[in-house]
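The block underneath contains the structure these notes are about, expressed in C-alpha cells.
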C-alpha cells in the first residue's frame, strides 16, 4: 500500500504560507547559477513534493525576508534539478538521494569559488534538511567557514545526528522541531506538526541575519536577541516547539515505522 508515502508528501504540499503564492515567488531560486555575486548567498533545499527550486513554503518565505532586510544584497539558490524532492528518497540510508547530496555540495562550492567575498546562509525543510546535513558535513573546511548559519525545519536526521549537523559548528545551526513532529524523532510518521514551520520563518530569518558579519548593515525589524523562544534547546543548536493550531484535522496522519540503523526503514517495510 502506497498511501503512507502520499501522507509524507503532504508535508510539502500542505505547509502553505499565509501569504499568496505569487507573493512568495519573488525569486526563481536559481540566482547563484544565473546571476552575478551579491554579499549574501542563501542556499535552500525544499521539502518532498514541493515544486520549483525553493519550494512554496519555508524557502521562499526566508528568502523574501532576507531580501527585504538586506535590500539588493541577497541572492537565493534552491537545490535542484538533480534534487527532485521525490518521496522514495526519504527511505534511503542518508534520507535523501546521492544525486541531491552531490548537487548541494556543488552549489556550496560554487558559491565559495564564484563569490569568494560573499557570506553563505543555508536552510532546508523536511527532506531538504537531510540534503543540507549530508552535504554540509562533507564540505572542505574552507567552504564550511564561509557558511555563517543554517536553519533546519522539521529535521529528518535530528535523532540520527544528535540535534546537529555532523562535522559542523553547533552554534551555526538553528533547528526547528515542532512539538509532536515525529520525523524529528527518527521516524517517517507525519503528523500535523510537520506542516507548521511557516510560523517560524520570520524568527529563522532574523536568526540568520544575526549570524552575518558587519559587512551588511540593515536589520530585520524586531530581530531576536536569543537563539530560542518558547522551546527547549541544546547549546546553540536548538529545537523549537511550534503549535499545530488550525491543522487539527490532519493530526491523525500516521503510518510509517521507526528508523533502524541510523536511517529510515527499508523500502520493503513501507508498503
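The backbone N, Cα and C atoms fix where each Cβ goes, glycine too.
Look at Swiss-Prot and you will find 126 tagged as active site, nucleophile, backed by sequence analysis. Summarising the annotation, Swiss-Prot assigns active site to 181. Sequence annotations record features per position, and here Swiss-Prot assigns active site, proton donor/acceptor to 194 based on sequence analysis. Per Swiss-Prot, disulfide bond is recorded for 37-115, 63-76, 177-184. The region 'Disordered' annotation in Swiss-Prot covers 216-245. The signal peptide annotation in Swiss-Prot covers 1-16, and the record cites sequence analysis as its basis. Per Swiss-Prot, site 'Transition state stabilizer' is recorded for 48, 127, and the stated evidence type is similarity to another entry.
Swiss-Prot feature annotations superimposed on the structure.
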| residue | record | CB count, 10 Å |
| --- | --- | --- |
| 37 | disulfide bond | 14 |
| 48 | site 'Transition state stabilizer' | 26 |
| 63 | disulfide bond | 28 |
| 115 | disulfide bond | 19 |
| 126 | active site, nucleophile | 36 |
| 127 | site 'Transition state stabilizer' | 29 |
| 177 | disulfide bond | 28 |
| 181 | active site | 30 |
| 184 | disulfide bond | 24 |
| 194 | active site, proton donor/acceptor | 32 |
Residue 115 (disulfide bond) in three-state DSSP notation: coil
Cβ neighbour count (within 10 Å, all chains shown) around residue 76 (disulfide bond): 28
For residue 194 (active site, proton donor/acceptor), the three-state class that DSSP assigns: helix
C-alpha spacing of residue 115 (disulfide bond) relative to residue 127 (site 'Transition state stabilizer'), in angstrom: 27
Pairwise CA distance, residue 63 (disulfide bond) versus residue 126 (active site, nucleophile), rounded so that it is a whole Å: 17
